[in-house]
């Protein structure tokens with residue numbers, strides 16, 4: 001629960017990113033750099049969390065929950081500038097780095113290796129269900145719901161969970177947890193040996209013991225494998241809103257499907273992996289399926305006609321593939337760390353936490369250099385779209401109608417200017433006639449009574465005689481009716497300062513927005529290929545982890561271990577454990 005809430009709070013920014021960018025007038029580069037700094041601070045914090053082996057994991061988790069809850073409840077909603085928001089977000093990222101290491105270490109303490117994949121699958125529900133909660137919350141609210149209120153809600157939830165952690169969260173004593181737990185039957189043996197454990201000796205030079213090729217390369221492997229996951233939690237809403245025009249609610253509804261299927265896969269695959277006793281086959285199958293689904297997904301990034309339903313299917317299958325690989329990897333990694341020193345589980349996880357944060361920080365840092373179309377689409381795209389569609393809230397219906405027509409047909413303005421210059425004298429005559437009279441005259445040019453009224457109005461306006469006024473009216477009648485109607489429709493509105501301001505904004509910004517809209521799909525596709533590369537790199541590094549491939553061999557080794565446990569208990573004079 002602690003992990004779910006922390007990731008729910010940390011991932012919330014990605015779901016409402018377009019609103020954050022707009023409210024703070026923040027460039028996409030600035031926003032991404034905030035994320036990068038957050039990941040880097042989280043990397044340092046996760047590495048330093050190796051001290052959890054010495055000072056207690058439960059305490060670290062509880063304090064972190066209180067800090068983040070208060071920042072979400074009061075800090076972020078009160079942030080008055082992009083700098084203030086960035087500082088608070090970095091602090092949250094730092095705490096996330098701490099809990100990233102401390103919570104799986106707690107799970108490890110209470111999970112024997114024969115149930116490790118199920119336990120780690122349950123832990124990985126934290127980030128995934130956290131993402132799911134974010135998606136459900138944002139997709140269930142209106143598109144105009146204040147994004148600050150989402151943070152206030154997460155702050156209240158965080159305080160409740162922090163209080164529960166303070167009251168209920170506990171951990172094993174160091175002497176008990178510093179043994180490799182292979183099955184529940186080992187507990188009696190662990191307790192028998194705990195009296196003679198030299199904890200201080202086992203904790204000497206912790207990072208020197210864990211900075212080994214199998215730990216480092218395995219950490220790197222999962223880090224690059226999960227690039228697509230971190231793109232999804234941080235930037236999928238921006239991608240779908242700017243490239244496919246989905247609303248904030250629609251973009252996060254896709255997350256509902258993705259994270260629900262990911263959570264289910266983590267649990268199911270964890271149980272199956274424990275049942276058959278192997279991890280690596282699941283990692284390999286999951287990695288291959290992830291590569292296939294990521295390639296299918298990126299191929300749709302440049303197809304604007306891809307339906308919402310198609311993305312639901314693609315992302316759901318991608319999420320299942322990620323879950324198939326990740327839960328067994330997490331179990332196998334902790335088992336690999338325990339092979340080196342079971343007393344330094346949190347230190348091994350700290351190496352992983354440091355590695356994944358550095359890799360993700362680097363991959364996110366280069367995002368705006370590859371995808372440079374986001375800033376114009378987020379900052380100016382909505383305004384350009386509203387003006388061009390005739391839905392500018394700052395204009396009335398008539399003004400919006402004129403602007404929309406000009407946006408659709410830019411030749412209107414030069415045509416008005418040409419006709420106005422060509423028929424300037426006649427237009428002055430038309431302006432002297434009352435609109436109602438002019439309309440009647442245009443409807444029936446032979447109506448002598450209306451013509452006489454028009455002559456009188458022209459004479460009165462210019463202070464001329466009836467004959468001169470009649471001559472002006474005759475000259476006016478020679479203008480083609482279509483031209484006169486065109487000028488009467490667009491001429492006066494184009495003199496309106498508000499209409500002129502809207503058209504100038506379009507003229508200045510529409511080209512860059514249109515170019516960004518055209519470039520964005522290809523740029524995102526290029527970035528998604530980077531994720532595919534990471535998934536490919538993951539596969540050969542599977543062999544660095546402990547554990548075999550054959551369930552039959554795993555079953556035989558488990559039986560041999562059980563026999564060894566019984567023998568050790570007999571030597572200690574204790575009763576044999578029940579089968």
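Just so you know, glycine gets a Cβ as well, placed from its N, Cα and C.
In TrEMBL, annotation is done automatically, which means it is predicted and not curated.
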Which one of these stretches, 343-371, 372-400, shows up in TrEMBL as transmembrane segment?
343-371
Could you give the residue numbers and ranges of same-chain residues that sit at least 6 residues beyond the transmembrane segment (527-546) on either side and whose C-beta is under 8 angstroms from one of its C-beta atoms?
213-214, 217-218, 220-228, 231, 279-280, 283-284, 287-288, 290-291, 294-295, 297-298, 301, 325, 329, 332-333, 335-336, 339, 363, 367, 370-371
Using Cβ atoms only, state whether the transmembrane segment (343-371) and the transmembrane segment (60-79) have three or more pairs under 8 Å that are 6 or more apart in sequence.
no
Tally Cβ pairs under 8 Å between the transmembrane segment (60-79) and each listed stretch (28-48, 150-169, 310-331), then give the stretch with the top tally.
150-169
Six or more residues beyond either end and a Cβ under 8 Å away: which residues meet both conditions relative to the transmembrane segment (215-237)?
11, 13-18, 35, 127, 131, 138, 248, 251-252, 254-255, 258, 287, 290, 294, 315, 318, 322, 325-326, 329, 333, 336-337, 340, 348, 351-352, 354-356, 358-360, 363-364, 367, 527-528, 530-535, 537-538, 541-542, 544-545
